[in-house]
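To start, the structure under review is shown below, and the notes come after it.
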C-alpha cells in the first residue's frame, strides 16, 4: 500500500500560538475567496449527495471551526494523508472540504468503507486519477498528467466537486482555446460567470422569484417558459421588421394628411451634396420644382399600429429584464441590451415631441427635430440584431467577430493606410482632367474602396495612363489586403462552430444517451410505436420503407420533372387545351409554372454522375453550417438595405424607392457591382463601404465550409474506391 503523507509542522504548544493561528484562519484569504467563487458551480451536485443540513437529526454533524488535523483517506487501496487546513484553504466548498467539517459518524456514512485498524476512510476510486487532486490540495494548483484520459479526469473532478476553472493554464484545453481565440479564460467560463450572477440575488427582496425570472428571460433556463418567451420575442422582432420593410413599398403607402385633413405636399427635402437636381439655397436644402405637386406618402396606419404594439412589448420586456437583473450597470452595458434600448428610442422621442406640440407636418419646420426623428427611425432596423439572443447562427457569428477583434483592428489599420495612400495618388493624378469627378481626397475614398474590393460601379473611373496604373495597383493590393480578414474570420468561425457542436453533442449524449430504442420499454403500445419508428426513420427495410423512398430528394425530383406532362394531359381530358388554357387563368399560370420545373431534370444526372453525387453529399453535409450562414446573410442584407434606403430615398432621381429594392446590396456585398444602383450621399457611400467589407467576410464563410466538406467527401470516396478495388483483387486471387 502506497503511503503519501503531506508534510507540515503542527506545533500547537502555547495557547497564544493557537489563538494567533485561529485568528489568522478566521480571516478570509484571497485564495479562499477565489475558490469559493470558482467552485460554486458544483455546489448543487455536492448538495444533492451530501446530508441536508436543515434536518434536525443531523444538526451539529458539520462543524465550522475545524481544528488542524490529519485526514486519512484510502483511495482504491492507496493511502493518503492530508492536512485538513490545506483542504479548507484551497477547497472549502469541495467534497473533501465538506467532509473535513463532518463528525466521525457522518464521515462513515459518506465514505464507501471505514478501516478501523488504519483509521482510514475508503473511497472506491482510481488512485492515479486522484493524485492530481491530492496535489491540488497540497499546492493549490491543479495539473493534469498527459497519460490520463481527459474526459475521465473531468468526471473525477465532478465527483470530488473540484472546479475545472482551478486547472492551471498549461494543462487546460479550455484555457488554451481562450488564449488562441484572444480571450481570457477567467472571463470566458460561462458557468463561473453564471454562478457569480446568481450570487448577487442573495439577500435581495423577492430573491427567489427574481432569480427564476432572470434565468428565464436571459435564456439560462431551458424550460418551457424560456421556449415560449423565445418564440414570442422572435415573432415580435420578425413582425416589426416585416412592417418596416412593407411600409416602405409604395403599394402599402397612403397619402399623408395634416391635422385638419389636408394633403401634405412634398415641398422640400434635406440634401447631401450640392450638385443634386433642384434649387440649392445657402442652408443646402434642396427645394423641388414649384410645379411638382407630388403628395407626401407615408406608411399605412396598420403598420403604425403594428409598430406601436411591438414597441410596447419590447419596452415591457426590457423593463422586466432590467428589474430582475442582479447587476444593473453591467446589464445596461451589454451590447444586446444597448440595442434593445436604441430600438425603442425613436418611439419615445416622437412621443416626447408630440407632448411638446411638435408633430406631423410641424416636425419639418423644426430642422433639428426632423433630422433627429429621421435618424432615430433608421435605428429601428437594429432590432434585427435581437435575433442574436435566440439564433445560434447569429450568436456564433457575433462570437466570431468578438474573438477576431484584435486581428481585425490590425487589418483595419492596414486597410485604412492603403486606402489613404491610393486615394491621394489618384487625386493628384486625376484632379486636373476636364470634367473629373475626383474633386477631393475624401471623395476619392469611395473609388478606392470600390476598386480594392473589385466591385467597380463605374461612377468614378480614372482616365489618365498613370491613374489607370494606380488603379491596377489598388486592385492587386485590395485582393491581398481583403484576404487577411477572410482567413481570420473563417478560422475563428470554424473553431467556434466546432466548439458549439461538441457542446451540443455532449449535452445531448448526457441527456439522452444512445439507447433510443430503450425508450419504448414500458410505453403504451410499445411494439406498434417501435415498428412505426423503425419504418419512418429508415432503420427497417420492410415494404413500408417505400414511404421513406418517396421522401428522398432525387425521387422527389423525378416526380416533379414528370408532373407537367400529366397535368397538361389532365387538362386535355377536361377539355382545357391549346388557346383555351389562356382563358382559364389559374390553369395557364399553373402550366407555365410546371413547365419551368422541367429544367430540374438535369438534377437526375446526380444519380449517375459521381461529381454531382459528391456535390449533393457536400450540400447535405454542410446543411447546418449553411443554415447559420444563411441567417447571418439575411440579417446583414436587411440591415444594410434599410440603412441605405433611409439615407438615399429623398435624393432627386433616386432608385432606392423602397427597402426591397435596396436588397440589391447583395450585388455590392458580393463585389459584383452592376452599377444600376449607386449611393450618392456621403453617408450612403460609408454604408456601402461597410457593406462591401462585411459582405467579403460573410460570403467567405460558406466557401470555406464547402471546401472543407468537399475535401472530406473526396477523401472518403477515394478510400471507398481503394477498399473496393482491394476486395475485388483478393477475390480474383
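Including glycine, each Cβ sits where the backbone N, Cα and C put it.
Quick caveat, the model's predicted, so the values are computed rather than measured.
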Which of these ranges is annotated transmembrane segment in TrEMBL: 608-627, 628-647, 648-667? 628-647
The residue range that TrEMBL labels transmembrane segment, out of 309-334, 335-360, 361-386, 439-464, is 335-360
Determine how many residues of the domain 'Potassium channel tetramerisation-type BTB' (71-170) DSSP places in helix, in strand and in coil. 47 helix, 21 strand, 32 coil
Which sequence positions outside the transmembrane segment (628-647), separated from its termini by at least 6 residues, show Cβ-Cβ distances below 8 Å to it? 241, 244-245, 248, 374, 377-378, 380-382, 384-385, 387, 391-394, 396-397, 497, 656, 658-663, 665-666, 669, 679, 681, 683-684, 687-688, 690-691, 694-695, 698-699, 701-702, 705
State the non-local partners of the transmembrane segment (410-429) in its own chain: residues 6+ outside its ends, Cβ under 8 Å from one of its Cβ atoms. 438, 440-441, 444-445, 447-449, 451-452, 462, 464, 466-467, 470-471, 473-474, 477-478, 481-482, 484-485, 488, 693
For the domain 'Ion transport' (227-497), the mean pLDDT of the predicted model: 76
